[in-house]
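Q: Here it is, the structure, as structure tokens.
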Amino acid sequence: MRGLYYFVFWIFPILPSTIQNETRVPCFMVPQKCTDQANVPSCIEDGMRTCLSKSPRMRDPNFFSRPISSEEIVDTERGYKIHVSEEALQRSSNRRGNYKEVDLIVSILNEAFFRVSSSSDTKEGNDSHESNPVLHGQSVLGVWLGVKEIRNLSQPVQLRFINTNQSENGICVYWHIDKNGKGNWSPDGCKTTIDSGEFVCSCNHLSFFAVLINPEIPEESHIVPLNYISYIGSALTIAFTALMIIMFLCLRKKQCDHSAIIHMQLSGSLFLLHTSFLCSVGFSGQSDIDSVCQALGLLLHWCLLATFTWTAIEGFHLYLLLVRVFNIYIKRYLLKLSLVGWGVPTITVMICGVTKVYGKYTFYTDKEGSTVTPLCWINTQIVSYITVNGYLGLVMLFNMVMLGVVLVKIHKLRSQTLQIKDHRRRAWKEWVSILGLSCILGVPWILAFSTHGPLSLPSLYVFTILNSFQGVFIFVWFLTLTCQARKEEHSSSKGTIQVSLNSNEYVNTR
């Protein structure tokens, strides 16, 4: 009986653990088991702490597991190197000195699992980073050490994203799960450094990690001057476009030419654009009401599209004057142009507004994760690409063709003139006209496509200066042409074909 007693005493404690081990899921199967769950990250987080660190029979490129017993740099051979600190080992084993072996588990997961969960956080007032692409092939790195949760380390764990060779600005983030089980990307507790083109994330905890990329956003030292240029330029553009509209209303005649009216429509769209931009920047960091920021984002998007549309209309009107010349009468011409200039942006933002793509858009640029330039704008990247980048590309392509036609026409006129002594004066006037037309046609906006590569920073400065002060340049050009037109009214030469810069029309004075 005593032998049976000892048998029962020793076997019964062993049986439950044996049965439990048989029912535990291998770690490499946890992500697959959690794909049908409502909250995939939380399911994986819980499953990885109770799973069997059993490696698959065949090499899995998305899974790595290895027991470690001392501080070392582990090459996962999956594109990541992990430096496990001594403190992290101590926390995981709860022992001092000689640590027992602890399983280091690394899993590479699809970023879509986290993007779906993050979309629900926008209603709670958290910033959504769905529009920020994740580095390294749309993947997220999950790291676990033992079965205990490790956080608040004084000796951080380092994760190196190798073979990236990235020039963009990025920031290391982890997936933060709140008390309600909802998650969002957060840079808290992680420091970002770039070593030989590779991102190094030093974090005081273990979790799901990724690098969020903000393409071509300059360093923090350049953010402040660029912001000041934008704000000062926008304020001056608002003042000068308003002054130009007032001058036009005061000086206009009973029958004003179409070109001047189109110029004023473009000036009005610029006035609204820069006003909405300053309001969007000002209210995005102060207002906690999402509906206010959504409305400001919609307004800014509408004003930007209206500006692009009116620059395209300027190019179309220039085409009628320089290419067709004759038989260009169109019934209710200005009304039709107005319907296009203001109607196309209205329809576009109404469709975008229904899909709820507007809200707070914040750039993360510095290594500590502090926010820079909060803005009420579009949160969905694909919508921004299609309605802003794509639309701007089409407008600039058309207007560049029109500018080329103007250059050809001016060259022909110059070759036909017989007044050789006035070549310098004519050349100066031609350059003034080209610069003015370039500003009217929105040519500086084309620099938006050149803010990539080694010259991205100089291009960004030039782009910011030219487009922030666009209204000022148009005012100076408008004022110059107005004075020139009045001067030519009193002293017009006969038998000379001229180009009236104010109306962009050929005038035959005889």
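Even glycines carry a Cβ here, placed using N, Cα and C.
So TrEMBL says this about it:
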| type | residues | note |
| --- | --- | --- |
| SIGNAL | 1-20 | signal peptide |
| DOMAIN | 57-219 | domain 'GAIN-B' |
| DOMAIN | 226-482 | domain 'G-protein coupled receptors family 2 profile 2' |
| TRANSMEM | 228-249 | transmembrane segment |
| TRANSMEM | 261-283 | transmembrane segment |
| TRANSMEM | 295-322 | transmembrane segment |
| TRANSMEM | 334-358 | transmembrane segment |
| TRANSMEM | 391-410 | transmembrane segment |
| TRANSMEM | 431-448 | transmembrane segment |
| TRANSMEM | 460-481 | transmembrane segment |
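Describe the structural surroundings of these features, if you would.
A: In the predicted structure, the domain 'G-protein coupled receptors family 2 profile 2' (226-482) carries a mean pLDDT of 83.
For the transmembrane segment (334-358), same-chain residues at least 6 beyond its ends with a Cβ under 8 Å from one of its own Cβ atoms are 258, 261-262, 265, 269, 293-295, 297-298, 301-303, 305-306, 309-310, 313, 317, 376-380, 383, 387.
Here the transmembrane segment (391-410) has Cβ contacts under 8 Å with residues 305, 308-309, 311-312, 314-316, 318-319, 322-323, 430, 433-434, 437-438, 441-443, 445-446, 448-449, 499 of the same chain, all six or more residues outside its ends.
Through the fold, the transmembrane segment (431-448) approaches residues 263, 266, 307-308, 311, 314-315, 318, 389, 392, 395-396, 399-400, 402-403, 406-407, 410, 459, 462-463, 466-467, 470, 473-474, 477, 480-481, 499, 501, 504 of its own chain, all at least 6 residues removed from its boundaries and within a Cβ separation under 8 Å.
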